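*Asks:* Residues or ranges marked as disulfide bond in TrEMBL: C151-C182, C152-C172. Feature annotation from TrEMBL assigns transmembrane segment to 12-33, 54-78, 84-105.
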Amino acid sequence: MAGVSVCIKYSMFIFNFVSWLCGTSILAVAIWLRVGKDGREILSPGDATINPYIAVNILIAVGAIIMILGFLGCFGAMQENQFMLVLFFIGLILILLLQVVAGILGATNKSKTERALNETLQTNVHLLSATNENGKLFQEAFSEIQEELKCCGLINGASDWGNNFQYYYKSCECPSASDSSCTKYDGKTIYKQSCFSLLRGLFSRRLSIVIGLAFGLAAVEKIKTELKSVENCFPAILV
């Protein structure tokens with residue numbers, strides 16, 4: 001019995017150390033999804049009624065909690081602390097529920113979120129040709145996105161910029177006039193494709209990452225819960 005308990009003890013330590021690493025990874029990925037400039041800066045000026053980052057916000061909380069629980073699990077297993085192990089077990093159940101909720105929210109609201117994104121982008125296209133302060137802030141952010149995604153304009157191409165094109169054309173510039181992805185506009189060689197479809201595809205992929213993370217980690221937490229139940233069959237570790 002003692003040998004089995006020691007085996008489970010160290011198995012729990014290893015499992016929870018991996019869990020701590022996973023929590024760190026979840027938190028890092030979720031924060032990247034939440035504050036990445038190519039998504040956040042485009043969405044922030046909009047008036048969408050649906051928050052496209054609800055599931056991401058839940059995953060940020062989940063990642064932070066998993067890090068804490070991973071520490072509690074490691075410490076509790078090595079010190080054979082009953083209180084910390086019970087607290088860890090309760091936390092597992094709560095995390096499992098949160099991850100299921102995040103996955104369901106992401107999956108059920110995917111079409112609504114994509115529709116809200118489309119509406120937000122279409123609403124914000126006028127900011128590219130605006131001359132007010134809000135317009136300038138949006139233009140600076142969008143200029144960086146154009147350069148990164150190799151596109152020009154939001155919906156209709158370079159014409160979306162209006163008279164502001166002369167100030168921001170460099171982020172649209174294409175390296176080779178012979179490239180099929182390039183075209184001529186106002187004497188400049190620029191990318192032919194607008195950024196709308198690229199941004200929509202990028203956002204859709206990120207949303208899929210959120211859904212996959214939520215359900216995948218829910219399965220991992222379920223396995224951990226079952227392992228903890230097995231451990232409880234050998235009370236020597238808790239003495």
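From the backbone N, Cα and C atoms, a Cβ is placed for every residue, glycine too.
Describe each of these features in terms of where it is and what it packs against.
*Replies:* Following the DSSP three-state reduction, the secondary structure of C182 (disulfide bond) is strand. Other C-beta atoms found within 10 angstroms of the C-beta of C182 (disulfide bond) number 21, with every protein chain shown included.
Mapped onto three states, the DSSP output places C152 (disulfide bond) in coil. Non-local contacts of C152 (disulfide bond) by the CB criterion (under 8 A, 6+ apart in sequence, same chain) comprise Q146, A158, S171, C172, Y185, I190, Y191, K192, Q193, S194, C195.
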*Asks:* Enumerate same-chain residues with a sequence separation of six or more from C151 (disulfide bond) and a Cβ-Cβ distance below 8 A; give 'none' if the list is empty.
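*Replies:* C172, Y191, Q193, S194, C195, L198 - these are the non-local Cβ neighbours of C151 (disulfide bond), listed in sequence order.
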